[in-house]
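Submitted below is the structure of interest, expressed as structure tokens.
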Amino acid sequence: MTNLRKTHPLMKIINNSFIDLPTPSNISSWWNFGSLLGICLIIQILTGLFLAMHYTSDTLTAFSSVTHICRDVNYGWLIRYLHANGASMFFICLFLHVGRGLYYGSYLFMETWNIGVLLLFAVMATAFMGYVLPWGQMSFWGATVITNLLSAIPYIGSDLVQWIWGGFSVDKATLTRFFAFHFILPFIIAALAGVHLLFLHETGSNNPSGISSDADKIPFHPYYTIKDILGILLLILTLASLVLFSPDLLGDPDNYTPANPLNTPPHIKPEWYFLFAYAILRSIPNKLGGVLALVLSILILILSPLLHTAKQRSMMFRPFSQCLFWILVADLLTLTWIGGQPVEHPFIIIGQVASILYFSLILIIMPITSLLENKMLKW
């Protein structure tokens with residue numbers, strides 16, 4: 001009798017995706033982040049579901065309902081902080097996952113990569129709307145500033161902003177619709193992640209060498225299931241440490257003040273994972289230019305396959321490209337730091353230089369360096 005997992009219509013899909021999947025024998029721990037992102041999404045959906053049971057999306061009671069969750073609901077504080085810090089873990093895994101893709105040339109799987117970029121945008125949109133829900137000062141002013149950026153779009157800008165707000169300012173209508181979207185988007189993300197996986201399994205995984213691994217495949221289970229479990233345990237340990245020892249480490253103290261449209265906080269800034277894009281936005285003095293740069297800073301990832309000029313897929317054997325890659329990482333960390341600083345000298349000029357370097361590295365310097373490496377290898 002044939003094994004049920006190989007014949008049953010549903011079990012067969014699971015079997016071919018997580019059990020008998022032929023996997024390269026040499027993929028490193030940088031390939032763990034896909035499964036970690038899946039775990040993060042599950043944690044976020046579950047904690048979010050329990051939070052939604054107690055949260056009210058009304059401007060008068062939203063802040064109080066979050067306080068009520070933390071004070072009166074059984075382990076409500078734990079659920080709330082797991083959800084808030086779970087988002088940070090989600091983005092850490094996302095950035096490492098994208099960085100891995102850029103380093104090892106995984107972007108040459110075009111469909112998988114493009115859906116991945118779409119997923120990145122969806123997660124960023126979800127996180128932004130989630131940050132608005134507690135209705136603290138930074139929630140309100142963050143929502144006001146970021147949605148206001150759309151007014152830079154010529155002709156339809158101001159109408160579009162009022163349409164998103166549902167009125168003439170960020171108010172009850174905005175909060176209600178943000179809650180609705182914040183609830184539905186994670187399920188869309190889960191569906192997209194399924195499609196992401198579907199396209200990945202059409203080609204099979206890439207590996208650190210960037211060379212075809214068809215001649216040397218091993219089954220996913222037990223080799224990579226056990227490896228993923230180690231990654232998951234480390235993720236849970238980090239998240240638990242963050243939640244139980246310093247849950248507000250990555251948050252903003254201003255968000256413990258209820259939203260007040262009449263009082264602007266001295267420094268409006270988003271959560272840490274958006275700071276790099278926020279720094280790029282602020283480094284351009286023109287509103288429309290800043291908005292374009294903000295969108296392009298992430299949309300530029302779509303161009304990665306077109307900007308690949310190297311004859312080798314991976315950066316594993318390309319020392320100059322490796323060097324530039326780590327300069328890009330350092331540049332992004334610099335932008336993240338600048339995004340959290342006030343708009344004054346010397347932070348303005350540092351942000352502008354870092355922004356120019358970011359786009360120059362991706363669009364010009366790295367492709368030219370790859371061509372140079374081809375020449376050096378007489379290819």
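Positions of Cβ are set from backbone N, Cα and C atoms, glycine also.
Below are the features I grabbed from Swiss-Prot:
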- 33-53: transmembrane segment (TRANSMEM)
- 77-98: transmembrane segment (TRANSMEM)
- HIS83, HIS182: heme b b562 binding site (BINDING)
- HIS97, HIS196: heme b b566 binding site (BINDING)
- 113-133: transmembrane segment (TRANSMEM)
- 178-198: transmembrane segment (TRANSMEM)
- HIS201: ubiquinone binding site (BINDING)
- 226-246: transmembrane segment (TRANSMEM)
- 288-308: transmembrane segment (TRANSMEM)
- 320-340: transmembrane segment (TRANSMEM)
- 347-367: transmembrane segment (TRANSMEM)
Within the same chain, where does the transmembrane segment (77-98) have neighbours whose Cβ lies under 8 angstroms from its own Cβ atoms, ignoring anything closer than 6 residues to its ends? I mean 6 or more beyond.
30, 33-34, 36-37, 40-41, 43-44, 47-48, 50-51, 66, 69-71, 116, 120, 123, 127, 130, 235, 238-239, 242-243, 247, 250-251, 271-273, 301
Of the stretches 33-53, 113-133, 226-246, 288-308, 347-367, which racks up the most C-beta pairs under 8 Å with the transmembrane segment (178-198)?
113-133
Taking only same-chain residues 6+ apart in sequence, whose CB is under 8 Å from that of HIS83 (heme b b562 binding site), what do you get?
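Within the chain, HIS83 (heme b b562 binding site) has Cβ neighbours under 8 Å at GLN44, THR47, GLY48, LEU51.
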Of HIS97, HIS201, the binding-site residues given in the record, which has the fewest other CB atoms within 10 A of its CB?
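So among HIS97, HIS201, the binding-site residues given, the one with the fewest Cβ atoms within 10 Å is HIS201.
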Compute the C-alpha separation of the residue listed as 'ubiquinone binding site' from HIS97 (heme b b566 binding site), stating it in Å without decimals.
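Cα to Cα, the residue listed as 'ubiquinone binding site' and HIS97 (heme b b566 binding site) are separated by 17 Å.
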Once the DSSP letters are reduced so that anything not helix or strand counts as coil, what is HIS97 (heme b b566 binding site)?
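The three-state answer is helix.
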Which number gives the other C-beta atoms within 10 angstroms of the C-beta of HIS196 (heme b b566 binding site), all protein chains shown included?
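Result for HIS196 (heme b b566 binding site): 21 neighbouring Cβ atoms inside 10 Å.
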Could you round the CA separation between HIS196 (heme b b566 binding site) and HIS182 (heme b b562 binding site) to a whole angstrom and send it over?
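Counting only the Cα atoms, the answer is 21 Å.
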Where HIS97 (heme b b566 binding site) and HIS182 (heme b b562 binding site) are concerned, what is their Cα separation in Å, rounded?
23
